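K.L.:
Let me begin by handing over the structure; questions about it come next.
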Amino acid sequence: PSCFGYPLSIFFIVVNEFCERFSYYGMRAVLVLYFKYFLHWDDNLSTAIYHTFVALCYLTPILGALIADSWLGKFKTIISLSIVYTIGQAVMSVSSINDLTDHNRDGSPDNISVHIALSMIGLILIALGTGGIKPCVSAFGGDQFEDDQEKQRTRFFSIFYLSINAGSLISTIITPILRAQDCGIHSKQRCYPLAFGVPAALMAVSLIVFVIGSRMYKKVRPQGNVMIQVFKCIGFAIKNRFRHRSKEFPKREHWLDWASEKYDKRLIAQTKMVLKVLFLYIPLPMFWALFDQQGSRWTLQATTMDGNFGSIQIQPDQMQTVNPILIIIMVPVVDAVIYPLIKKCKINFTPLRKITVGMFLASLAFVAAALVQVQIDKTLPVFPAAGQSQIKVINLGTDDVIVQFEPQLQNVTVTSMESTGYMTFETSQLQSLNITSGNKTKNETIEFPGQNRHTLGIKTTEKEIITKWLLDNVTSKPEEGNNLIRFINNLPDDINITMEDTSFGTVMSLSASNYASFSGGRKDKIEATTNSTTCSVTSKVFGFGSAYTIIINECTDDNLGIIYSEDIAPNTVHMAWQIPQYFILTCAEVVFSVTGLEFSYSQAPSNMKAVLQAGWLLTVAVGNIIVLIVAGASKLSEQWAEYVLFAALLLAVCIIFAVMAYFYTYTDPSEVEAQLDEEEKEQVKKDQDIYEKQAEAVSRM
């Protein structure tokens, strides 16, 4: 059955691919934040495991291709590995259920190793599944066409590519929204089970759709794998060359010619072409090393930025959608506008030059990322190091206060209802402080453990100066763009404070509540009850990643008088500043990735495409392993420096590649094949002549 001149079975295959890519990219979009916020791993470990997983996903396709071509056939391989894949996604979803081990119901898992073990099993199954299917689905789609449907087949591959990008685009928008919801049975957390569960459900849908179409598929029998042939041929050539290494054997013009005793000329000629392309692949992994950090380092960078786009609130992991959106726009633009323009300028923009430009652009994108990182670093708070203490003074009274840090370290004047920023002191030097207000003075000795932040509240009454020390137990910027809020009661009576649905309990006079966490970018209603009066006020809009101390000064007739004191500044660098680096990297991907595959296919015989596909995917895997090595080996404490390091490495590799490309001569596989055909024909003719002569001689006798 056909539809618009396409085999009907194609529609099932495209839908299947869409669901599978949705499932994979959706899961991958929230993965690094799941590691960081749910499993509580630090940035470096999260990045390392993320790239290990991606590398695995690109190593397994080689396995998938071997299984399909030599043993099960594409159809059965796709089905059996889809089942593995669906189980993996389901396990991943279960691993992120907080209530699984949260027996004391405090909102964090009691036995984290259960979650880690489950998610690792899930990720391994997913890597096996997604990798194993990857080479089969597109090839299986190609198998559905007859030989005379070349045009439809090419069109199919573009639709196929579109479905990949559509799947990844929609899932990178949706799964972060699901992750940002609150859910849970006993306590509310970020909804990772849903963010992993929806991809798992789509994977199941993908499998069902694929099975429904099974009657219509054209199933080609497994015909053995070319890759194995190629490896055997190379292995034999090396072995044979080694056996004949002494001087008396004549040299052969190419080391692969040593395989000619056992393998036919055609295979050797094809293998030579493949090796020539694979040699060019050697520098390519460095590109992927940078490209795949969108999902790790760049997403972590976005967590320290301000995601407020007017009425829309962007999650850090949603910034990754910039890439598929731009891809969908850029691919046609580059093809229809940019390349023709370059051609008009009489520049010969060969595929290898395109790839070189792609590498250069990716390196630029990382320079852009480094510049953004430098801006972010300026806004990050400085916390006290070992042996240091930080003090902030809040004046809760009506008179000015002068605080002198002894011995003669520094003095500050704080006006009524104002506060200072945090001042840093060497703990060993700071001994006491002297407070003066009007004609009253007070002296206090100080003994701090060090490495902490402290707030000193000062209130002057008619009779004396009252001091109140608070320990600020915040040692890092609030995670996920949340805000930390606490209250100081500056009223004579105890008060009961709530903000939205969070109760701060009863706060005594001149005391402070603990910090509570609120999600970023919103304003909340603050209510205070004292004696029998209830008064309320709506707070200002808090940004992202800030900490505030709110001082309650009055509570009369429904009016709550408050003053804000900023403990940690909100994220001020806007997420939109990430768009330039995404844009440059997407341009790089368009010229690099699309050209790379086209070039590979044009330079090798048609039956060797599988080998090249495997080689190409291998460069992605190696690229992700490079991230592990570089990030592990470079002991760079500054993130911007790591970005610059990657940019520099890629630039160096780009130059090496440009030199290699300069010496590369393009081949036309079809010409080589034609030549081999000619030679074979001649050989057959010769054999025939000899046979005829022999036959003649026999008949004469």
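Cβ atoms here come from the backbone N, Cα and C positions, even for glycine.
From TrEMBL, here are the annotated features:
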type     : residues : note
TRANSMEM : 48-68    : transmembrane segment
TRANSMEM : 75-92    : transmembrane segment
TRANSMEM : 112-133  : transmembrane segment
TRANSMEM : 154-174  : transmembrane segment
TRANSMEM : 194-213  : transmembrane segment
TRANSMEM : 273-291  : transmembrane segment
TRANSMEM : 325-342  : transmembrane segment
TRANSMEM : 354-374  : transmembrane segment
TRANSMEM : 610-631  : transmembrane segment
TRANSMEM : 643-664  : transmembrane segment
K.L.:
Does the chain bring the transmembrane segment (354-374) near the transmembrane segment (643-664), so that three or more CB pairs sit under 8 Å (pairs 6 or more apart in sequence)?
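P.N.:
Yes, since the transmembrane segment (354-374) and the transmembrane segment (643-664) share at least 3 Cβ pairs closer than 8 Å, they count as touching.
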K.L.:
Cβ pairs under 8 Å with the transmembrane segment (643-664): which stretch of 48-68, 273-291, 610-631 has the most?
P.N.:
273-291
K.L.:
Ranking 112-133, 273-291, 325-342 by the number of C-beta pairs under 8 Å to the transmembrane segment (75-92), which range is first?
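P.N.:
Going through each listed stretch, the top one turns out to be 112-133.
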K.L.:
Considering only Cβ pairs under 8 Å, which range in 48-68, 112-133, 154-174, 194-213, 610-631 makes the most contacts with the transmembrane segment (273-291)?
P.N.:
610-631
K.L.:
So what's near the transmembrane segment (112-133) in sequence-distant terms, Cβ-Cβ under 8 Å and 6+ beyond its ends?
P.N.:
20, 24, 27, 34, 38-40, 53, 56-61, 63-64, 67, 77-78, 81-82, 84-92, 94-96, 100-101
K.L.:
At a threshold of under 8 Å on Cβ distances, which of 48-68, 194-213, 325-342, 610-631 pairs most often with the transmembrane segment (154-174)?
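P.N.:
Per the Cβ under 8 Å count, 325-342.
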